[in-house]
Amino acid sequence: MDFITITSSNKTEEFALKQVAKQATSSLMYRLGKTIILASVCVEREPVGEDFLPLVVQFLEKSYAAGKIPGGFVKREGRAQDFEILTSRLIDRTLRPLFPKDYRYPTQITLMVLSHDVENDLQVSALNAASAALFLSHIAPIKSVSACRIARIGNEFIINPNTSLLNQSSLDLFVSGTKESLNMIEMRSLGQQLNALEEPLMLKALELAQKSLKETCTLYEEIFTPHQNELLFKESQGIIFNERLLDLLKNQYFDEIIKGIESSALSERENVFNEIARKISEAHSEFSLKEIELSLEKVKKTEIRCMIIKDKIRPDKRALEEVRPILIESDLLPMAHSSILFTRGQTQSLVVGVLGTDNDAQTHESLEHKAPIKERFMFHYNFPPFCVGEASSIGATSRRELGHGNLAKRALETSIKNKDQVIRLVSEILESNGSSSMASVCAGSLALYASGVEIYDLIAGVAMGMVSEGQDHAILSDISGLEDAEGDMDFKIAGNLEGITAMQMDTKMSGIQLEVLYQALLQAKKAREHILKIMHEAKEKIVINFSHLPTTEIFNVAPDKIVEIIGQGGRVIREIVEKFEVKIDLNKPSGEVKIMGNKERVLKTKEFILNYLHSLDQELEQYAIDEVLEAQVKRIVDFGAFLSLPKGGEGLLRKQNMDRCQVVLKEGDSIKCRVISFNKGKIALDLA
């Protein structure tokens, strides 16, 4: 076993090599404080025939890592939690650009959290563990990467804060990359205020992150290189194209290729290129269909890049900084609390807002919290197949849908003034031609306002792209699906006029330089200003229907009265909810009663509850200690019998009192009893 210790960027990491999981291609035990992660890489020796990178990343949390047993009926880990899926995506998006373009060997990277001490950052630890395991595997010529998190407390940036410091921060910036450039960025604002970060400060934070990554990656390469396995798969020379076929495409089918490029819909574009491939295949049998498709893809990509970089024009004829036409409609769904239809070009998001009570909040188990945590603001993103013209079934929520919903949530969360309010936004993507997550942010912000939710400001989102060729590059505002597919960067940025509340950057290159990112940030600000102007105009036309929105009424009763509102087995509370069609949250320790629903029904419910409690008090006042009564058995329970009293109300005759007198009762019996006490609004009885 080899044991390695590396200290950099405010952390000391320990790596135990060749200790466990030795049948994997490579494996290691990563340790930071009391956080321990097992990282393994497994590679199959036979490549797949399809043209894609068969990489799978799985991040798994074990409950025992925090000394806990899983909640719920089944006491073992089951379906992956949201945090596990989002962390898997985070690692995948960092590592994927590092692989050679022609790498086709099925590869699985598994990260198992075996111990977690709460204070250390699981996502940074997991990515660094995955990077080290992948670098040591030497399955291909892959650079070393690392991750860091940047927080901001006051005016000070902090590298790799612990959980306590991050909870005080107004910024959560996660960055990964090599020693030369950045591969992936996730950012959100934190705190009770909006805390949007201005572009110059964002650049400063990214510079700090890059400095940290350079230090860590340099150490990783120096220390891990002697421990690498033998290189398994050398990078090939790539695809060798038939020049005669390329000339044929450029000379005889160029106009049709341009027509396909300029087709705005994905389904229409695919039909054009499929038809070109079919024609060539029928006319030139010497070329295989696969060869034709690859050559067609190369010509298409070359022409798109030439069009953008040299001619400064995009496939849909827009200028580089031009945003597609925007149309905003509101109040489409009469029964929802709000609904906004946001259309930008051929991308369309219908966001529906619903307000709820504490009982409606989503609960999650987490290694970092002893008790389940409540998610009060939920943003769910759905991408049905018909939005891109595909005929396929709608299945379970995909990783992509979860990730896009999480991004939109992060963009909007700090714009909400009352963080205790329970809100669910659902984005239904009805059409998609790029930037659907950012359309969801725009529609979601307006949906919050239309729901009567107090917000600090409207938030707009825009997806930026980049096309590069050698030393030349072009930044694109509001990218389409084609520009996303053929471009080198997908940089989603959301915020208001003052700054950024969330962003996410992915690249298909080995990394992006800071100066390019800053150019994209400034260009995105212009696009955001344009979109926000249209959103503010739409906001002025929104009429909030307060009579339809749920009202919340909060009042307090004596804590011992809460059990009276609940009733035996929840009978009373169920009857109240069914009768008035409201939602009720009860807090036993404080005696707080929260009612939510239609305003008129809420007020009637409050009146009913107070009158009900008052009537119970009056019933108690009719009886005195040691008073002898003739009562009737109402119902028998395990611990005794409830008796109907002659002047109203009921009392409890406990089982031990019945046993002492050797009395056997059945429902309907009449019996003499004596009042012995009043306990929390209950009358306790004994046999007379």
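These residue numbers are counts, starting from 1, taken along the chain as shown.
Quick reminder: no glycine exception, Cβ is built from N, Cα and C everywhere.
Keep in mind that what you see is a predicted model, and the values were worked out from it rather than measured.
The feature Mg(2+) binding site is assigned by Swiss-Prot to Asp484, Asp490. Residues or ranges marked as domain 'KH' by Swiss-Prot on the basis of sequence analysis: 550-609. Sequence annotations record features per position, and here Swiss-Prot assigns domain 'S1 motif' to 626-688.
The DSSP secondary structure for Asp484 (Mg(2+) binding site) is helix.
Asp490 (Mg(2+) binding site) carries a strand DSSP state (E or B). Its Cβ placed at the centre, Asp490 (Mg(2+) binding site) has 22 other Cβ atoms within 10 Å. In the domain 'S1 motif' (626-688), helix, strand and coil residues by DSSP number 6 helix, 36 strand, 21 coil.
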